[in-house]
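Student: Take a look at this one; I'll ask things after.
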Amino acid sequence: MTTNKNNLTTSWGAPVGDNQNSMTAGSRGPTLIQDVHLLEKLAHFNRERVPERVVHAKGAGAHGYFEVTNDVSKYTKAKFLSEVGKRTPLFVRFSTVAGENGSADSVRDPRGFAVKFYTEEGNYDLVGNNTPVFFIRDAIKFPDFIHTQKRHPVTHLKNPDAVWDFWSLSPESLHQVTILMSDRGIPATYRHMHGFGSHTFKWVNAEGEGVWIKYHFKTEQGIKNLTEEVGTKIAGENPDYHTQDLYEAIEKGDFPAWKLYVQIMPLEDADTYRFDPFDVTKVWSQKDYPLIEVGRMVLNRNPENYFAEVEQATFSPGTLVPGIEPSPDKMLQGRLFAYADAHRYRVGANHNSLPINRPKAEVHNYQRDGQMRFDSNGGGSVYYEPNSFGGPQETPENKTTAYPVSGSADSTAYDHNDHYTQAGDLYRLLSEEERTRLVSNIVGSMKQVTKDEIKLRQIQHFYKADPEYGTRVAEGLGLSVPQEV
Ligand code: NDP
């Protein structure tokens with residue numbers, strides 16, 4: 001059918017006769033309900049927003065590719081990592097965590113670092129942050145933690161009391177709090193930060209042998225950060241500073257790139273390592289498990305439509321391909337459910353069929369129907385399994401590998417509770433100037449807390465990480481380190 005692209009149509013494709021004047025009874029109105037073009041236009045406008053993400057609402061995205069630069073096939077059978085030189089298209093979304101969709105980019109907050117690899121075996125989502133650790137290590141605490149980062153139910157203001165109360169009562173957060181309050185808490189741009197898978201994952205090779213791994217994306221642009229003062233100034237002058245920077249860099253051909261590395265731990269080390277390797281509040285020392293190069297990610301194409309691509313992109317840590325499996329990390333286990341569920345609610349049950357999420361690999365399954373099923377819905381093909389009609393069947397070689405478990409089904413706390421050594425190691429790794437800024441950032445935030453009890457409890461955590469750290473924060477707040485510590 002030939003249509004003239006310059007002719008305006010309704011969403012059902014009919015030509016529009018008047019798009020400037022609503023249809024009224026006489027020149028003064030009232031407006032007529034028979035103006036279905038007006039009704040559709042207003043009603044569709046009311047529905048232009050999908051619910052914003054509860055976390056990571058404000059973000060920017062870009063397309064690019066991943067190229068393998070080192071042979072890791074002895075560790076994983078994932079086909080997109082199978083040979084040096086192999087390229088896989090991908091889409092990345094960077095984000096802040098706590099702010100709403102229109103909030104400022106240059107705030108102190110972790111940054112989301114989510115990558116969707118469109119591999120030949122289906123999509124693989126690596127949904128991480130710009131920090132190697134997280135504030136909590138059990139998903140059951142996540143809604144409470146996020147409540148503390150959001151707004152007070154009465155004032156609708158951010159609430160430092162809630163933030164520091166929760167952190168001081170959840171000492172596993174200390175390591176991430178130290179990273180957040182350090183210079184890297186406000187990256188200069190999305191291009192000047194590292195990315196981490198944060199959790200431990202399992203890689204499995206063609207022989208079915210596994211290793212535990214952690215992912216590190218290292219920025220080729222170098223680490224650059226904003227001070228508290230500059231970040232605050234930019235937040236007022238240009239709240240979309242990071243979004244604009246990423247778009248403009250790619251637009252002018254200055255393509256940002258990251259090198260991907262993994263740390264690899266033999267399965268048996270998990271029982272004896274001095275930290276629980278599945279505890280996402282801890283890192284694996286790079287002295288124990290050095291970084292091994294895997295490949296290079298380059299972002300070289302901007303989205304053509306922000307809503308269609310960035311807003312409708314749906315990432316989930318459970319979007320895995322053969323050769324990459326979850327670990328028992330309790331935070332990861334919760335995310336395997338929560339992310340996909342968020343997208344079913346936010347974008348719809350068929351979110352994986354949208355162009356930005358649709359795998360390049362063909363999808364053959366028995367899922368049918370649901371809201372906005374906009375493909376052929378399987379047509380007349382067989383719609384149940386097992387069947388005698390030649391429908392798609394499982395491939396046992398792609399089964400997830402087994403691992404032994406033991407103990408009782410129970411609400412179980414972690415055995416390891418040393419939240420201080422690694423936070424202290426980080427403090428001791430900082431230069432004197434970096435320590436001064438870290439303490440100043442913490443004091444600036446904590447002095448807004450109204451209860452001394454909360455401040456004193458948190459000072460004890462800093463002190464246990466490093467006596468100098470705790471003492472300097474206490475001095476900055478005009479308090480003394482409590483005797484009992
Ligand atoms: P290493 O000396 O081998 O590694 C130190 C790491 O610290 C490097 O990855 C470095 O990143 C990073 N780093 C430096 N400054 C900061 C900062 N302000 N915020 C966050 N990261 C920073 O030591 P270990 O592996 O034994 O780790 C020591 C401490 O380093 C840990 O307790 C942890 O706090 C921190 N760290 C460790 C990571 C790991 O995977 N082991 C990853 C990130 C931090 P870069 O090379 O870019 O400077």
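Placed from the backbone N, Cα and C atoms, the Cβ positions cover glycine too.
Keep in mind that this is a model prediction, so the values were computed, not measured.
These came from TrEMBL, pasted as-is:
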type: ACT_SITE; residues: His56; note: active site
type: ACT_SITE; residues: Asn129; note: active site
type: COMPBIAS; residues: 1-25; note: compositional bias 'Polar residues'
type: DOMAIN; residues: 9-393; note: domain 'Catalase core'
type: REGION; residues: 1-28; note: region 'Disordered'
type: REGION; residues: 377-400; note: region 'Disordered'
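Set these features in their place in the structure for me.
Tutor: Taken residue by residue with DSSP, His56 (active site) is part of neither helix nor strand, so it is coil. Annotation for His56 (active site): spatial neighbours Ser95, Thr96, Val97, Gly112, Ala114, criterion Cβ-Cβ under 8 Å with sequence separation of six or more.
Secondary structure at Asn129 (active site), as computed by DSSP, is strand.
Broken down with DSSP, the compositional bias 'Polar residues' (1-25) shows 0 helix, 3 strand, 22 coil.
Only residues 6 or more beyond the boundaries of the region 'Disordered' (1-28), in the same chain, are considered here, and those with a CB under 8 A from a CB of the stretch are 34-38, 40, 44.
Per DSSP, the secondary structure of the region 'Disordered' (377-400) breaks down as 3 helix, 0 strand, 21 coil.
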Student: Report, as a single number, how many Cβ atoms besides its own are within 10 Å of the Cβ of Asn129 (active site).
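Tutor: The answer is 23 other Cβ atoms.
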